Amino acid sequence: MSDLSVLPAPETDAKLEISFSPLWKTAGKWLGLGMLGLIYFPLLWLVLLSISRDPLSGIPGPFSLEHYRALFASDAWHMPMVASILIGLIIGLISAVTATVIGRAVPKMHRPGKMLVMFVLPLFVPGMSMGAALFIFARSVLGFDLGFWSIAVGHYVWALPYALLIVLVVTLRFDQSLIEAGRDLGASDWQIFRDIEFPILMPGIVSAGLFGFLMSFNEVMRTIFLRGTAETMPVWNWVQAAAQQSQVPIIFSLSSIILVLTLPLLAGTFWLLFAKLNKTS
Amino acid sequence: MKDMNAEPMLEVRDVVHKYGPVTALSHVSLSAAKGEFLTILGSSGSGKTTMLRVISGLETPTSVSCLRIGGESVVGVPAARRRCTTVFQNYALFPHMTVVENVAYGLKIRKVPTGDALKEAQRALAMVQLEAKADRNIRQLSGGERQRVALARAVVTKPAVLLLDEPLGALDERLRQDMQLELMDLQRKLDMTFVYITHSQEEALTMSDRVVLMRHGRIEQSGEPLDLFDHPVSRFAADFMGYENILDGRLVRRDGAVGEIDLGGGAVVRGKLISTDLAVGSPVSIALRAERLSPVGPGGNGIDGTMKSKVYRGKYTDIVMETVAGALRMRSWHGAPMENETASRVGWKETDAVIFAKGSV
């Protein structure tokens, strides 16, 4: 060990060579692109089929808007659509409000960790179990007739944890000394909330509401248990698609419309939460 | 000199504050006159920040017998309705408002018409040389600029008392010195009562009309900066004010304001007595600043010793002398000539050494 420079270079391990081969980088890139294709191609295909004359053939073209015309001529989907939008709006609003109330309290709690874990856990409870549990709860315990309001309860339980997590992004970052600064400058508690706290939390609260709406609007599993005879948009879609009848082509149109309307909403949520938020704090 | 007979802008008497079993403030009283720059000096945990929060109303004290701001009693009055504002240590600027909106907020709350409020805010910003950045976002400002915005926001409502909570703590050395001068200038221009919290004796000495030194929730000493600097009343005060050498001994003789103390080992030295009620024979300490010590010939007021180390630091030379009373630190500003000298005795003027009762540390 007198002179390090004379030590022989370590033998290169053939196995190690393979695991760091440039091949992996290329393979990873193409695999990633392939998976992205698998995710987005069916969506694109759906939109293409919805404007095709014979969507059930699976091949786009020749193109026509006749199914959209049929969709707007029919009113069978109106009630489910109205029900879904209404429940979505209610859930979005209530989730945003409750998440804000809880989320504002969390930073002041002594050890909120356990409660937060309990809140996040339902995200991993199988929808089927949750649906069945809520079914019994709503019918026997709350005495609800299954329908609109039992669906709303199920959606609320489903959407709230997401809304809370989103609101926590802003409330945990909120600097409590700003409240003291406001008080010091002479503002009342209400003025402090209106002028200082709410504007800073706003992106999170709005995102939570939008996300709550989307979670409710897209929910199927719990709705199936809780719907009684009521129908929401996705449930109606699913029933129609499963029924193998002539209505099917308009499902494609409807799904396309929903897709085109939902994506910007989701993009807006994340823009608010991350891009906008970083500008205010 | 300020007129101390006028009714004080701030008057606090006998405030006690406890956090559970911990006493943060124990019977503290202080007052500040109009236009006075009062500094509360202390290390962390001394209760100085609690004192500030009690004055601003952000903390409700356990008990207080009198708390007046601008001549009005504010006991039980919420922070929002007290005529004082705070410059917070972390500035606490509103991130969703522009610079001018931040400054105008206190006026908006006071229902000043928007146009006038913005004009006032612009004027306050001009006072801190930030009028050009009125429409900037807070994030676009440097630390020093944020500091100025916080200052403008706090003074724009013309409070009776302005509270400053270690406002220069986060700034770098150079900026801090500039801001010290600016703060003094501003305070003089506004003729406003400033209560300034700091742990830096240098800041306290530079800016204040009066300094209150706090320790363990009590006032250790208060007075004009020079008073604290030259006449510390206790070992803690001397240590905090930067006395490098504090030796313990016994008072053996007193002659007016001059005392003679026996440090043991045959060393008897002289200094001025801080208090007239020190009895001969009582245990005392003597505090000496390193730069007021110098090598002397035999016989003068001082103590024999041998040079232990000598560190040349450019502008001055730090010397450690070993004496019978322990190591003495001496700072020589003579530079190079000192280099080759040796000394066998270190001495000082009687008036440069202070003698106070040897209290508990």
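Glycine is no exception: its Cβ is also placed from the backbone N, Cα and C atoms.
Under the heading transmembrane segment, TrEMBL lists A:30-51 (among others).
Listed as Cβ neighbours of the transmembrane segment (A:81-103) (distance under 8 Å, sequence separation of 6 or more from its ends, same chain) are residues 148, 151-152, 155-156, 159-160, 162-164, 166-168, 170-171, 201, 204-206, 208-217, 230-234. Summarising the annotation, TrEMBL assigns transmembrane segment to A:81-103 (among others).
Taken from TrEMBL, the feature domain 'ABC transmembrane type-1' applies to A:81-267.
Note on the transmembrane segment (A:115-136): residues 106, 109, 146, 150, 153-154, 157-158, 160-162, 164-165, 168, 221-226 of its chain, located 6 or more positions outside it, place their CB under 8 angstroms from a CB of the stretch. Look at TrEMBL and you will find A:115-136 (among others) tagged as transmembrane segment.
Taken from TrEMBL, the feature transmembrane segment covers A:156-175 (among others). Residues 91-92, 94-96, 98-100, 102-104, 106-107, 116, 119-120, 122-123, 127, 130, 134, 197, 200-201, 203-205, 207-209, 211-212, 215-216, 219, 222, 273, 277, 281 of the same chain, all 6+ positions outside the transmembrane segment (A:156-175), place their C-beta atoms under 8 angstroms from a C-beta of that stretch.
Summarising the annotation, TrEMBL assigns transmembrane segment to A:196-217 (among others).
TrEMBL lists A:250-274 (among others) with the feature transmembrane segment. If one looks beyond the transmembrane segment (A:250-274) by at least 6 residues along the same chain, the residues whose Cβ comes under 8 Å of a Cβ in the stretch are 43, 46-47, 49-51, 55, 67-68, 70-71, 74, 77, 166, 169, 203-204, 206-207, 210-211, 213-214, 217-218, 233, 237, 240-241.
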Sequence-remote partners of the transmembrane segment (A:30-51) [C-beta within less than 8 Å, at least six residues beyond its ends]: 58, 60, 63-65, 67-68, 249, 252-253, 255-256, 259-260
